[in-house]
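Contents: one structure, followed by commentary.
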């Protein structure tokens with residue numbers, strides 16, 4: 001049985017293009033015995049990391065206080081989702097040239113030294129190798145892959161930092177708010193079909 005972790009982040013719900021693309025990709029990648037774990041970051045259920053959560057996340061499980069166990073519970077769950085997945089599909093919009101704040105909160109939460117990456121004499125090394133990730137990107141005005149797109153390269157780098165180096169991006173071209181928006185969305189859907197052919 002294979003496992004797909006489907007992460008979405010758009011606040012636009014059913015109107016979201018990035019969510020529609022990622023959902024289509026998950027559907028096409030899924031087989032009869034595929035387990036799909038869904039995590040909707042737009043629900044704002046991931047708190048931002050503060051000093052107490054940071055300390056709890058770094059504490060060995062057996063040494064955590066009851067308060068630390070509670071603070072670290074969401075991080076444990078999110079990390080377990082990543083560890084269990086063979087494939088990660090992220091549907092992420094570009095907001096103000098970068099990732100939604102909830103995606104950054106997710107990243108800060110799952111980046112745990114000794115668990116998802118480790119420090120070595122030659123530098124940090126990811127511990128989640130052997131997985132493949134797909135990022136479906138939608139942008140209203142920021143051209144995906146341009147010098148003002150700080151989302152796509154950052155997210156690819158972060159996944160690589162965790163050891164997920166095989167990352168494929170499917171994106172709407174040049175922003176969809178201007179002329180030809182519907183054609184750009186249709187083209188992105190065709191990309192999904194080709195990726196999962």
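Every residue, even glycine, has its Cβ placed from backbone N, Cα and C.
If you check Swiss-Prot, you get these features:
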- 10, 16, 17, 18: FMN binding site (BINDING)
Residue 16 (FMN binding site) in three-state DSSP notation: coil
List of residues, in chain order, with Cβ under 8 A from that of residue 18 (FMN binding site) and at least 6 apart: 8, 9, 10, 91, 92, 93, 136, 137, 138
Assigned element (helix, strand, coil) containing residue 10 (FMN binding site), judged by DSSP: coil
Shell of the FMN site beyond 10, 16, 17, 18, same chain only (C-beta within 8 angstroms of their C-beta centre): 8, 12, 15, 19, 20, 21, 22, 91, 93, 138
Among 10, 16, the most crowded of the binding-site residues [Cβ within 10 Å]: 10
Neighbouring C-beta atoms (10 Å sphere around the C-beta of residue 17 (FMN binding site)): 23
